[in-house]
Amino acid sequence: MSQTDTAETAETAETAETAATTVNRTDGQDVSTTAGETAEETRPEWTSYDAGGETKLAVDDLDVHYGDDHALKGVSMDIPEESVTALIGPSGCGKSTFLRCLNRMNDRIRAASVDGSVALDGEGIYQDGVDLVELRKRVGMVFQSPNPFPKSIRENVSYGPRKHGDIETGLLARLTGRAEPDREEALVERSLERAALWEEVSDRLDDNALGLSGGQQQRLCIARCLAVDPEVILMDEPASALDPIATSKIEDLIEDLARDYTVVVVTHSMQQAARVSDQTAVFLTGGELVEYDDTEKIFENPESQRVEDYVSGKFG
Amino acid sequence: MSRATRTALVRDDRTAYEAAAGSAVGLSGIAFAVGLAALLGLVAIDAPVAGVGLSVALGAVLLALGAAVVGFGVASRTGYVDTGPQPSAGIVAAAAFTGIWVAVGAAASGAAGLGTGGRLGGGAVLGGVAFATTALPREDIGSTVPAGAVAGLCGLALISGVVGPGWEHALVGYNATLFGDTVVPVVVLFASLVTGWSAAKASGGFGARGRNVGAYVLIYLVVGSILAVLVGLVAFVAAKGLPGLLNGVSVGGAGLVSWPFLTNGAGLLADVAGVFPALVGTVWLVVGAVCFAVPTGVGAAVFLSEYAEQGRFTGAVEVATNGLWSTPSIVFGLFGAAFLIPRFGNQKSLIAGMLTLGFMLLPLVLITSREAILAVPDEYRDASAALGVSKWQTIRSVVLPAAIPGVTTGVILGVGRIAGETAPILLTMGGGVLPAKAAAPDVLGSFRLSASPPFVSNPALLEATSALPYQLYALITAGLSGNIRNPQEFAWGLALTLLLVVLAFYAVGIATRYYFRQKLHQ
Amino acid sequence: MSLTTPRTDWRASIERRLTRTRAFVDDADPEALAVILASMGSLLVAFVGFLLASAWTAVPFGAFLIAAGYGWVRHQALVARAVAFAMTTVTLVTLGLVVAFIFAESIPAFRYETASVFGVSVPGLGMFAQARWDAVSEPVRYSLLPMIHGTVMVTTIATLVAAPLGVAAALFVAEIAPPRVRELVKPGIEVLAGIPSIVYGFIGFTVINPWASDAFALNGGSTYLFVGMVVGLMALPTVVSVAEDALTSVPDVMKDGSLALGATDWQSMTSITLPAAFSGVSAAVLLGVGRAIGETMAATVMLAGVPRISDPLVNVFYGYETLTSLIARGYGSANGVHESALFAAGVVLFVTVLCLSVGSQYIEARMRRRLGGAE
């Protein structure tokens, strides 16, 4: 049961953005950061970008506090359908917090309080009576480090549908003749193929998923997410724990997925954002969305001086 | 990928349904509480409620709950309300209801006068029906109809008086009789649990959410009961023990507090019998055990985590430590009796008790100290080593100070545990049932030097001495009688004193841990 | 620790150790070495003297104190290490002494109860092959079966109480409770562990036994049913704290993964957390069983103290004797083979609980390895 490829899963040096991240900053315009940013006022027109096409997720004036810590400040942006949106920014800028707001995973952190609104296809996800099960079925998530369940590959993929009662397995279903092994089989194959993993694991679907390499584990997590048939896939630095080859496979996969899904990807790597995304949002220290535009525009000719400094590697 | 149906994020309004199911859960909770009160004898089952006996009233409530639960299921199945049931109630529910109905069937056939074969048959038939009803239909029917039927049946039995006040059933061969006074509350407890769970599922709209709600209701009930038992125990002992403990307490006389229960012995001359000798005995026991176990345990923990390489030796010590930790206290008592008593004057003695408890405390101290030392980050050690500080200096000035909070907490909690131990000192330390004040050990004043071996002696350590838990045991075996005014009150006062001593250690231990954790987070 | 090490490894490791010791001796200051030898030697002599119950034990022990005290001033690092090593061996020595003395004292009883099977006489077999315990009237027999039956009854009932409630409470503390509630419930359960067993026994004796006698028209209130419930309550905190440790050791990212797929909290607990922590939770239950088997005082004061097997076998409304209560009640008034038989009961207890402890350690180690691969 030992890990076949420990090098791939080795902890990255990057610090994960956790709830406890403290941001040293004062209020108002005179931003004097320790990260080497120049002081500058954010202009609303830098973020009022319309990508064209249908808006999948509309975020309006979103604020997040962790206790006394103001982690996200009045973020508004529209995420278009069937495209890749990259969220970039230095550590502690709130981009992961923002991502976790989109499927309400922040509800897990009790100290977090969220104000503002997020709408999925025009339906507010923070209004009363929202069914979290339904929301998370429609907005899937892939985490920073691969987190397959300690179960077989097949069970990992069919986990979501089984929990939602879409596929029945188990003793009782078999006893009452309701088990649908063929449907499960088809779903597992389709999901794994979609995640570009089928070729590698088709002959060992009953092996424990923890025996896969880090890159394979991450693609399994993507397959697991696809099996629920989501509309939006959120990815939180999906390649940060992987080696370059595994990373490039994941990046190819992201581009491919954008044909059918709305993909929102948080990344630490500007190269990655430039390679895979259609539009890019830049968060900077203090939990502010500073600029949101076509990826090309952001990387070649940003409006904000701070963004230019950031993408050219002067700080971050 | 095209999506044929897109489910709405916000569920359809079913406020009324949820409220109805929620009040069914609440009513089940009330029935549960009343059943518990009846079981504890706080209310009589034939007490008049609205013109009928309590037992009949509870039966009516159960019947109503059963009907309501079935109603929830049917309303969901017929599409009257929009819920999210899964295709089946699941294997766990099926197994549980099969078990319940097998028992009901067997009991009913037995009551109908059928023999063993009839019981088996009756149980099998009803069990099979229950399995089919639970497993085959959709979840909303499968998890309500069998539950509602259980509650309805129990309710009917209570209403009709088949089981009620004055009912009795002799368990032939068991030499025991079941009476309505105990069976009615148990039936109510059980049936209200079943309806509570089922109604909770309904209020969550069945499916994954419903199961979540159902399971949470049960878990909250379990945790609530555990805490209630805890609070009830402590309150009960306090209520019974306070009169004894506070007997003759007076404040005054040059501002001094006089507390005879704690400062008197139980001799003939004492006007208020007290537990002073046992209290002093317990204090010395703890001191002795700590003196032996804490240096040894901490030293061993330092060696294991700082010096020793992981290998057979450390593995063996770990297994030995865990083995000692789980060894029953009575076995330590036997060991002390066989090993220590012959070496300390061939009689039960204070020092034998101290060392026996020390042996018991050792693994606890070792385990917690080792955890505390391992929790010290390696960076501290590396930083210190990088400055050229020797290993021992690092341990002394970096590792041990950082580990002190964990070690202290572990030691205090461990002491709380051994201070209440009875079995080991029963075999090694003995002492009188009602010792007079003069029997309190005077350890410090008894050291004697002599010119012949063993050169140092201390008669106080070598005498049989009483301690709080032992005295309580001795009183119980003496049938709670003795040459004092009110042995019952004395025993409860003693129990409360013991409880307070032990809980004080726990309170201090937990507070220490809390304090150090707060400090760490600042 | 691998158990399949070839013998050559042993030899190599011993050689390695010898060379290292030699190097250490060569390096060390000769005076320091002398001090350590003197202190450790005198400690060993003191231990042997104590074992032999010699009145002179104080002399070498004093010598140890002097040598160690001198060394502490002059060669602190080395002496500290040597003393720490000596303290480490205390644990092993204690376990060894417990085993040696309990077994040695029980030998006469095992001899007395020799029975033969197929012509081979097996010492101690008589304790388990017939069911009579009578230390007074002829024929004097020391069967442990009635007490083992009592222990099994009490432990089974206790486990039925402690295991489900304990696991549910552990789930609550580890997964469900909001932080504030957890800060209250966790210490509360610890305090439950702190209530001395004699206090439980006292309440059982003065409150539960009379009530049971009344409520079930029993002949005396001593029942395995209620002893088992009380013992279960005592074993509960052990189950809760060990199981809670196991549950919290499951990485949070796994639970997050399940929740992000739209599973409910309860589904994540039952399908991800509990299976991943299964070994730890079963180890917790095993430890709880161990506690229940070893629990003494409640059984001693609540049971009737008759070494008999109840009839029918599963009659929970009788309460005679358990292994622990047999020892606690009988020791002191017993002598000779009778006393030795009590030690035999201790041996049975000790071996059973040690097996449970080693078993649960093995299970836990396996879990740690498995989850280690997941992180």
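Quick reminder: no glycine exception, Cβ is built from N, Cα and C everywhere.
Per TrEMBL, transmembrane segment is recorded for B:21-45 (among others).
Summarising the annotation, TrEMBL assigns transmembrane segment to B:51-75 (among others). Packing against the transmembrane segment (B:51-75) from elsewhere in the chain are residues 17, 20-21, 24, 27-28, 31, 34-35, 38, 43-45, 81, 140-141, 143-145, 147-161, 163-165, 180, 184, 188, 191-192, 195, 198-199, 202: each is 6 or more residues past its ends and has a CB under 8 Å from a CB in it.
Long-range contacts of the transmembrane segment (B:87-108) within the same chain, counting only residues at least 6 positions beyond its ends with a Cβ under 8 Å from a Cβ of the stretch, are 119-120, 122-131, 133-139, 142-143, 146-147, 150, 153, 194, 211. Under the heading transmembrane segment, TrEMBL lists B:87-108 (among others).
The transmembrane segment feature in TrEMBL is assigned to B:120-137 (among others).
Among the features that TrEMBL reports, transmembrane segment is placed at B:144-163 (among others).
Under the heading transmembrane segment, TrEMBL lists B:183-203 (among others).
Outside the transmembrane segment (B:215-239), and at least 6 residues removed from its termini, the chain residues within Cβ reach (under 8 Å) are 25, 32, 193, 196-197, 200, 492, 495-496, 499, 503. Look at TrEMBL and you will find B:215-239 (among others) tagged as transmembrane segment.
What TrEMBL records for B:274-304 (among others) is transmembrane segment.
What TrEMBL records for B:279-509 is domain 'ABC transmembrane type-1'.
Here the transmembrane segment (B:324-342) has long-range neighbours at 348-349, 351-353, 355-356, 359-360, 362-364, 367, 421, 423-428, meaning same-chain residues at least 6 beyond its ends whose C-beta is under 8 angstroms from one of its own. Taken from TrEMBL, the feature transmembrane segment applies to B:324-342 (among others).
What TrEMBL lists as transmembrane segment is B:349-367 (among others).
Summarising the annotation, TrEMBL assigns transmembrane segment to B:490-516 (among others).
If one looks beyond the transmembrane segment (B:120-137) by at least 6 residues along the same chain, the residues whose Cβ comes under 8 Å of a Cβ in the stretch are 77, 88-89, 91, 93-94, 97-106, 108-109, 112, 114, 143, 145-146.
Only residues 6 or more beyond the boundaries of the transmembrane segment (B:144-163), in the same chain, are considered here, and those with a CB under 8 A from a CB of the stretch are 55-56, 58-70, 72-74, 97, 100-101, 104, 130, 133-134, 137, 180, 183-184, 187-188, 190-192, 194-195, 197-198, 201-202.
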